[in-house]
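> Dumping what Swiss-Prot says about this protein:
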type: BINDING; residues: Cys27, Cys210, His235, Glu239; note: Zn(2+) binding site
type: BINDING; residues: Lys270; note: ATP binding site
type: MOTIF; residues: 29-39; note: motif ''HIGH' region'
type: MOTIF; residues: 267-271; note: motif ''KMSKS' region'
Amino acid sequence: MKIYNTYSRQLEDFQPIEPGKVKMYVCGPTVYNYIHVGNARSVVAFDLVRKYLEFRGFEVEYISNFTDVDDKIIKAAASENISTKELSERYIAAFYEDTDLLNVKRASQNPKATEFIEAMIDFIQELLDKDYAYISEGDVYFRVAKSKDYAKLANKNLADLLAGASGRTDEETNLKESPADFALWKSVKADEVSWQAPWGAGRPGWHIECSVMSTSLLGETIDIHGGGADLEFPHHTNEIAQSEAKTGQKFVNYWMHNGFVNVDGEKMSKSLGNFTTVHELLQVVDPQILRFFLTTTHYRRPLNFTDDALTEAENNIKKIENAYRHLDDQAESNLSALTTFRNDFVAAMDEDFNIANGMTVFYDFVSWVNKGNGGAEVKAFFDQVLEILGIKFEIEQSLDSEIEAMIEERQLAREVRDFAKSDEIRDALKAQGIVLEDTKDGVRWHRE
């Protein structure tokens, strides 16, 4: 199995620290609003990675955090005249509601930043003791000049990174030894949530939170760290700098970053205002369709969010569901053909989780199933791929029985040449969204 490591910009053989086990950390949302489709792309992309690793036999310890203390949370809470805790808990609940509908497997743990404040203070104190950090008027900053290969993850020089970074780097430069230095701790401002530290009251900076939560729960070196491509700098760059300064160990063995969701060629983001929240979208779009849209493009490629793309996803799901519902798990099949499908799917996915190539194999498999191939092993592989994709087809047994009874009644009508009755039953089923297909092997049905 190979993973594209952002740090080296190369495909690398995957060798976990402990054979058979994977320690994985993915940056979660800052919970001041509902997640948008761009956020969901990251959640779904790494859910697919996790599920495929489990399919391949790995035991995955999967950690994804909630940033529940942040400038944006403080501002949003103040605008509603509520506490930051009340605001963040609201949007944590909404996150679970949305991602459950998208069939995202719950993380092994979802730590909150506010649960690790003491550990963050200890982490910062150690950086101060090692002279990697300094105090300036109650703030604590990291000395970037002491960090070896600081800009390597983003594959740019430091000047370019600072010029292209987001507003997260717009800190009080007059308090810093160098404009490149970043905040580990921000001193308290009036009426803001704060905690007491040896250097004064305040709250942690954004970057320190993920370093502390990941190393506290997974150890000093982890196998895989994931997130959106926009996190390469400054967030992940700064995580590496502070973590390796503290521990003296390599922080992450494989860095993975998913591509953006674009609207009219621009990255979907709250700051641009061109975002659609998942909460809103799921009022009008089936969660399965959104999940399929987000899942079936290779995770590193950008996605263009359009109505046509959602329609294509819907049509493809219908084809897959139709094959799945008519798969006869008692049928006989050529198991060597099944083995070929399985091996080809694994070969595609083993190349940096290339689901786009994997889907090409899977669509061929679906066509093969539609030719009458079935059996328990065929159904088992079908189920495994659906699990990786995060797609579930609910089998409505009572409705299926009713439909089968009507089909049988129609067949009897045809045998006695009562075509008016036959057409009446066909029309009644069509009104329920059920389409009949008369084939040489009998009648089949599927939902429109």
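In case you wondered, yes, glycine gets a Cβ from its N, Cα and C as well.
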> Can you check which residue among the binding-site residues Cys27, Cys210 has the largest number of Cβ atoms within 10 Å of its own?
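The largest 10 Å Cβ neighbour count belongs to Cys210.
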> Can you give me the residues near the recorded Zn(2+) site, meaning same chain, not Cys27, Cys210, His235, Glu239 themselves, Cβ no more than 8 Å from the center of the site's Cβ atoms?
Trp206, His207, Glu209, Ser211, His225, Gly227, Leu231, His236, Asn238
> Can you tell me whether DSSP puts Cys210 (Zn(2+) binding site) in helix, strand or coil?
helix
> Output the one of His235, Glu239 that, of all these binding-site residues, has the highest number of other Cβ atoms within 10 Å of its Cβ.
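Answer returned by the neighbour count: Glu239.
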> Quick one: average pLDDT across the motif ''HIGH' region' (29-39), no decimals.
95
